[in-house]
Amino acid sequence: MICNERMVIYRGAGQRVAALEDFCPHRGAPLSLGSIQDGKLVCGYHGLVMDCDGRTASMPAQRVQAFPCIRAFPAQERHGFIWVWPGDAALADPALIPHLEWAENPAWAYGGGLYHIACDYRLMIDNLMDLTHETYVHASSIGQKEIDEAPVSTRVEGDRLITGRFMEGILAPPFWRAALRGNGLADDVPVDRWQICRFTPPSHVLIEVGVAHAGRGGYDAPADCKASSIVVDFITPETDTSIWYFWGMARSFRPEDNELTARIREGQGTIFAEDLEMLEQQQRNLLAWPERPLLKLNIDAGGVQSRRIIERLVSAERAAEAQLIGRQA
């Protein structure tokens, strides 16, 4: 399920990705229980055959010309991910899919995974756009007190939001000491650390993170004296209170080292599992006390601004849909 829509996603003719509503027009059986034959989706109940556009192609011993279409969702495969547009198909624009340089460039390595989390997708965005929680939720891996002490900058660029935090002359926490060693660098010397969070609506966050030996330029330090990566956070709402969370890390140092990729992935998976527990418990509290007011502090600027962007875009999309319906009436 994506955005409260039950979907079946599969590869049709020519391995092209297709997404249909998970509903057979014959008797309402889930098409996801079917099979793929000759690039078409075959219902596992009575053998009705569906095309990628939602039209019924055939059915054993039955004429199908008058069968109603089911909904087809625009879908594209790029950068190793499937991108589905769950809204009005007439408003789908593939140009809105962000370009991911690290996904197409062999100079980068990527490792990641998928978690199902029982929380509102906006809670995950809040979490990612304010990394002060690392000090407490991830104390044994990436957290340290200097995160709390570093000032945070926040700026809006159109529909995108960027927050940044820089720390100088600190000791690296355990995860980043291991990353320094992975790049063949000393891990017991002072470092400069950075966190730059970039929110792209509706629900994607890319975070530039890293450490460099102190005094070598920090974020702009030469590659041979730093360990840096891009934390990938693609959040797909499932329902109002659950998400599919695609997480990972892309790095440009030693991309050929598959063992290092596996170690980083394992460490990152453990870190994100800590977020999972916190977010699910937070969601339970919010459902139990929906009327209780919540505080907005200085550290919440990233989450607050990202929600404003989402609200503005939702309002604009609804207005566009209303205009389209008006023209069709």
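Cβ from N, Cα, C; glycine included.
It should be emphasised that the depicted structure is a prediction, and the values quoted were computed from it without experimental measurement.
Listed features, source Swiss-Prot:
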DOMAIN    1-84  domain 'Rieske'
BINDING   Cys24, His26, Cys43, His46  [2Fe-2S] cluster binding site
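Least packed by the Cβ count within 10 Å, out of the binding-site residues His26, His46, is His46. Sequence-ordered, the extra residues of this chain that approach the [2Fe-2S] cluster site, with Cβ no more than 8 Å from the Cβ center of Cys24, His26, Cys43, His46, are Pro25, Arg27, Ala29, Leu31, Tyr45, Gly47, Leu48, Met59. In terms of DSSP helix, strand and coil, the domain 'Rieske' (1-84) has 6 helix, 35 strand, 43 coil. Of all Cβ atoms in the protein chains displayed, 23 besides its own lie within 10 Å of the Cβ of Cys24 ([2Fe-2S] cluster binding site). Sequence-distant contacts (6 or more apart, same chain, Cβ under 8 Å) of Cys43 ([2Fe-2S] cluster binding site) comprise Cys24, His26, Ala29, Leu31, Leu33, Gly34, Val49, Met50.
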